[in-house]
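*Asks:* Could you have a look at this structure, given as structure tokens, before my questions?
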């Protein structure tokens, strides 16, 4: 056995590719061929594809050192194949590739020296070796045949008598062969060369008549090579017969690449049918070769689907040594075709051939043929026909009785005669001697010469047609063809006198005979008088001369183009005129003589000339079409712009109206809070009341806008939706991590973009829908929005001691790779080099790269002391992202008033120059900063997020202590012009000194610090790393940085409001590289995909013509879930008039899978039975519609919509009925529908299914349930095979044949498991319905495979939101404390704290309460009620005394402000109780949320539903009971469950149902989380289903003692209980482990 040799050869650019400036996308290195995808960015995983072959020939540029010539190709492939033929093997070489890729050049070559192809070289070398080795004991004989396969028709190219299409037959020994194909004997290479030339000319004549090109046909040149050797010792003659098949395939390009239309498109499809079948054969053979030897199933190879593959059957995977040469183009414009060719060749490389030496086959063959002839004669004699010996044609009937004649059948007689004639032809061919073969070859040559002479084709004196030489004196015509290989192959002499041209049917013999469309019987006459040739057209004949239609006679000039009819193109050549022109050059018109050279006119030139002269200018037509397209584009663009402008105006008007409405509602609600309750009892229009007239000041309007903006950015519900909706993905990732033994854990976390915790770009939130903006942008009020919070995934890498943050999108992307790592095998070609799993997945999806240094925390130092100017030494806290203080940093900031340059012995001194430029942009001042380091100037745009000092003043004014405000005094002192050191235009230098860091944990080894301005994140000033010994001693940096700034307004504004950010980094001690650890990159190879069972995808419902597109199911709470078992049957009309279920093949052994075996042309019905546990919530009323569509021959449905699917059919229905099954108390509902499959107008359903094919359909049943607003939809994909009307649809395997299950009619059904969810229907117009529909279900409790390995781990939920609010509160307090501390230090430095402001007793009490609140977490602060004595709530350090009513009111007001509440004067405890009471007992989710809000006491939403209801208001009246009943509607949702193919356990169990009659032996299969119950192991239909996810499993000795039955355990579902007994003692634990592994582990 040996595999097919595959070589790839790339050709140079052609003129078309050069004109388009194509790029080379092919690279070759050794035997590896690489192709680059020009449509994919370089560097990606799909940009370069590599393939390995036996040979890779680089023939792109002759100047390259690696250039491969024709002789090199022959030396590698041709010589090896020729040696195999001498050894007695069959040999085949075939070339494959798109048109113009170089197939014909590689196989045939050119006439020039060293340009010959593989075929001439093999023939030449064959006869050279014959001459060298032939002797007395060794004789050779060579025969050749040449045929063409075009559109599945075979044509003989060597025998002119075989004008028709030859038949392809198959012999038991010879295999497929072509009947009556000429096999001509040859004795030298010149004979073969002449025959090839003759065959090409016959191919040219036929192609011209039929308007074909050689690129659209396959050519097969076969050499039959026989060796006869005489053994001297035994005097026996042995014989070896080798067959050398040389195949030139048709072009493999696509239809859209060639632009073919009409007939040429159909022709291409027919030709591509052969190539497609060849591809299928190669793929099937490669699949067989890659399968294991244990596979006993016979694989089907589609040889008979095309003539080409049928004839090449021995060469493809049979008795042959085969080589394939794939010719490819190097241009990027042919990427798709080139890649297809490379993949084709890659598959062919895997084919294994089993070649044997062909010895002494003739004697055996002759004997078997004689025996077959004798049997056929006896068969004919029995039928009443006697065939005499030697009579091969006409049978002689015997005299027989009339009864005997009536028994004869004409078809069998004709078939027997046909077989007899074919066998006798083979015997005659085998018995023909070599001399007879040579004589027959000579006769065929003479016949061929006569035929060519009759057609007018010029021949030499020896009878060979003119091909490569041109006459020296006689004028002549040379053919031109679209295919360059067929051009200038035929030459027609113009004799002296008249040369007539027409068809063979003319009354007067024609000298030149043509055929084809638009050629008249007498078409034209060439008159040669004294060397001057005149073309005389006949009436109504289509004759074109140089593109002009010829009506009158005209003299021909050498080089003229003559077109006769539609297809025949010639160039007229007169040697005498050409010689005169060379001697006396004259200026000729370019149109009459292109380029001054007659030979330059080819077929393309003649066609373009014809179009141009007939008034069809291609360039003008293209320009005209282009102009029309441009005009159309302009019109469409103008219309689109106008439509867009109208939509923009409409949306702007709607936005303005909504904005105005929101503002009015906000102002109305503000007025409500100040309106007295008694005023509402007065009967008047409240909006006419002057109280509701807007009389706000600018400050009040700003506060209202601020409150609205703050309310708009609350996002607790969306965060909860993200947590609930993605919990299942988090659980699955953790489960896979545990099963693969990855040391990675995933958990939810919340991230907010703050100063201490800026978000990286990959985690930055997207814009809020509805008008909100992203971070860093300003809203319509000119204010920076509140930072958004996102849900992220915290990845704890315990292997590397690292922590990463992933976005939810990244988690889903990585989860796909985790699933692929766990389930699927990377599909790579076995011949592809550098096989590496990591090249596909990009590394391990569980791990990320981690930096060497990690962030310890951030600090902020304000610079307002430089305004005065005074030096300050700051001690600022180093705070991490969670608000934890990780240490302290001492930083000194001081102005440099003169050019001092003191020496710093222990520190580092550096200088930098920063320029603040002012730029006006949209009315906002934006500092544009540029920094100069080492005299290099860089411009960096600054940030527009600038805090204004006036805001601080407003905050102090709100506190009621304007007289003691720190910022107000500093602001007043700085209202005047800045000091002399900050005059605009001057330069100001200040110094930042990083002194020490204290309190940093010992887990960080090397500590260094970076600091920069807020608007400059890309460049920073950095200190040197300092060792951290962990002893607690301060870490001294003593880094000095001088900064010089030209003073501008932007710089002064920055000094007033903005700090410098300091980032402290440390090297983590537990870094794995400390121990020279290396990341384990080994990835366990996943199981092959072929080991996993094939699955039919779950389709979406087929759209109903009656109901139309149904709205999306609501996201309301699921009230109930039920497991539904559905049985599907297709019934056919039986002879007794009843509808019997069609046979279902369950041979796949997969759950809920089967194949319907139907008959063609029989009436059918579809029967569906629904089985479920009895419940009051599910009551089936009737079937409303049954729709069948999406008819296809592959499992996956097409992407087209049901609207465009013409095969969708609504079936006629029969009323549904409720069944009562004796002994089964489950609910059964069954309905039927009449199915006339012919109404689909689908060929797949109308015809008998082909071998190896299956038909798939999708049906959807729309059922009506009680108390449901919408129909329930059952959707199922069914597969089937349609046999003939009288065919037997039996089982396909012996297992099912002997099991007898097909004799059971109840086995001929298919099961489906569905989950019915009932949701509360929501009114579309109810308030807040859109917000409620946005909520998602909590998926944290959904079962995930492998969840039991997590040992109780759960994803975090609502508590994470409140914990994060406390973290944000800590960050806000730390930021404000740092700013106030800086201002207090500055006041003290300036001497402004000499007279401290008096503090009242009330303020002290408020401060004490605030201190107590800050000392404990927020969720521990429970405010006391006013009735509780204050002394019980105070700390022991405060004096005990009663508060006055005024003090109590102030205390509660301050506490509410701290806790972020806005409300009236009611008691908070009363409000909490009211909220708890209002929560509906049935809505557990809402009750839990309210409880968490109450217990949390954190910041609440400032929405109207959270505002305390003033006294005197009445709650809305409850809904009447009758109205509530009428609105109690559900929305059903039926979803098919994909049952796992993995069987955890199966076997017999004794089953006792609760309330059942007794124990029953049943076959039970566990496919988690379901248990299926069958009647027996031979029963293929699921009879009952148990859902383990909602069941309780118990096994105890007490239970066994109570029932007095050993080896039992119980399974209790929501509706019934089962008692299961195993057949043996040892099986109990195994069954428990399959059903409930945790319970089995506890028992064991």
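Backbone N, Cα and C define each Cβ position, glycine as well.
Found this in Swiss-Prot, in case it helps:
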DOMAIN    3-351  domain 'Kinesin motor'
BINDING   97, 98, 99, 100, 101, 102, 103, 104  ATP binding site
COILED    358-436  coiled coil
DOMAIN    499-565  domain 'FHA'
COMPBIAS  574-591  compositional bias 'Basic and acidic residues'
REGION    574-598  region 'Disordered'
COILED    631-672  coiled coil
REGION    953-985  region 'Disordered'
COMPBIAS  969-984  compositional bias 'Basic and acidic residues'
REGION    1419-1440  region 'Disordered'
COMPBIAS  1428-1437  compositional bias 'Polar residues'
DOMAIN    1542-1640  domain 'PH'
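I'm curious about the neighbourhood of these features; can you describe it?
*Replies:* Look at residue 98 (ATP binding site): DSSP puts it in coil.
Across the coiled coil (358-436), mean pLDDT in this model comes to 65.
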*Asks:* What is the total of other Cβ atoms whose distance to the Cβ of residue 102 (ATP binding site) is within 10 Å?
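*Replies:* For residue 102 (ATP binding site), the count of other Cβ atoms within 10 Å is 20.
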*Asks:* What are the sequence-distant neighbours of residue 103 (ATP binding site), meaning same chain, six or more residues apart, C-beta distance under 8 angstroms?
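*Replies:* Listed in sequence order, they are 95, 96, 97, 248, 249, 251, 325, 327.
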*Asks:* What are the DSSP helix, strand and coil residue counts for the domain 'FHA' (499-565)?
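*Replies:* Per-class counts: 0 helix, 31 strand, 36 coil.
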*Asks:* Within 10 Å of each Cβ, count the other Cβ atoms, then let me know which of the binding-site residues 98, 99, 104 comes out lowest.
*Replies:* 99
*Asks:* If you count the C-beta atoms lying within 10 Å of each candidate's C-beta, which of the binding-site residues 97, 100 ends up with the smallest number?
*Replies:* 100
*Asks:* Counting only residues 6+ apart in the same chain, whose Cβ is under 8 Å from the Cβ of residue 101 (ATP binding site)?
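*Replies:* Non-local contacts for residue 101 (ATP binding site): 11, 251, 327, 328, 329, 341.
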*Asks:* Determine how many residues of the domain 'PH' (1542-1640) DSSP places in helix, in strand and in coil.
*Replies:* 23 helix, 39 strand, 37 coil
